[in-house]
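Undergrad: Below is a structure I'd like to ask you about.
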């Protein structure tokens with residue numbers, strides 16, 4: 001009889017001589033189907049089969065591989081990695097711009113900075129997680145302190161990203177419904193929500209999970225019965241942001257209607273114009289309802305990635321093996337990994353304040369006949385951020401930013 005033995009992935013039970021032991025394929029190995037079985041041969045002399053090349057006891061896991069599923073998973077993982085790398089690059093450039101230009105220092109930009117930092121670190125940690133843990137079965141089997149600590153860090157910054165997205169919605173909604181707010185107090189509250197609350201929740205999650213023996217294996221890569229401590233706050237933040245979006249669009253339509261129909265407004269305010277992304281738009285009393293609708297739709301589409309509302313469809317996962325599963329996985333990979341690129345484009349590279357600051361610095365450098373970006377740091381810029389409660393026209397500009 002061959003004795004019981006752990007092969008690094010599975011504990012193989014004792015097996016009579018001349019027979020074959022079968023066991024479920026490990027679920028934590030990328031590309032393995034846990035519904036299939038691996039096997040190990042017990043020779044007639046009561047010893048386990050040894051591989052002729054390594055001369056070590058060997059378990060046959062080749063039957064565990066679902067080739068088609070492995071191809072799909074490899075494609076999805078490649079899409080995740082590519083998206084995270086592109087988003088990380090875009091977020092890094094955005095943060096350099098935000099920190100370089102001192103004029104971009106109002107509360108709204110400060111919130112953007114924190115969101116971008118949490119997104120950038122989250123993307124970087126996910127890349128490390130895929131390379132160092134998911135694609136490295138020996139690390140999974142060893143279950144060292146390092147990979148478990150990495151899991152906790154990944155969960156912390158993922159949760160921090162969701163809560164900073166919530167902070168974006170909370171601040172924007174507060175700005176529109178409250179006439180006077182104290183910016184410093186608001187930022188202290190947002191720092192507590194964005195960085196402090198995730199630390200508390202992840203600490204609770206880590207302590208609870210460490211108490212269950214079945215949840216402490218394989219670098220905690222699988223779902224835990226205590227995952228709700230992280231998923232519930234995420235769901236609550238998305239529902240809150242959805243409510244914020246509905247109310248923001250309602251307020252926007254109301255303001256646009258008042259701007260276009262109020263007979264008591266001055267001529268100057270009726271024809272307030274502004275420049276956005278290189279073109280001039282005019283808010284006038286002749287604004288048609290269709291124009292107001294277009295502005296509301298545009299505001300909604302711009303705010304969706306900022307408020308993370310694209311994740312609302314994530315819980316509705318199709319059953320495994322159905323044709324829609326691949327579509328779901330593909331969509332989830334694009335939405336999750338390219339969110340950083342999307343918010344960097346909309347709220348940095350296409351941001352009117354950022355474009356104005358860059359153009360202004362470029363003109364100043366050219367006028368001073370010095371090399372741009374290196375020798376023009378002595379030029380002082382004036383902040384163009386809106387710090388006070390905006391007027392009707394500024395209100396619309398702010399929403400559409």
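Glycine is no exception: its Cβ is also placed from the backbone N, Cα and C atoms.
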Undergrad: If TrEMBL is the reference, give me the range from 42-61, 62-81, 82-101, 262-281 marked as transmembrane segment.
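TA: Going through 42-61, 62-81, 82-101, 262-281 one by one, TrEMBL gives transmembrane segment for 82-101.
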Undergrad: With DSSP helix as H/G/I and strand as E/B, how many residues of the domain 'G-protein coupled receptors family 2 profile 1' (1-68) fall in helix, strand and coil?
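TA: When I sort the residues of the domain 'G-protein coupled receptors family 2 profile 1' (1-68) into the three classes, I find 5 helix, 23 strand, 40 coil.
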Undergrad: In this predicted model, what is the average pLDDT of the domain 'G-protein coupled receptors family 2 profile 2' (76-351)?
TA: 79
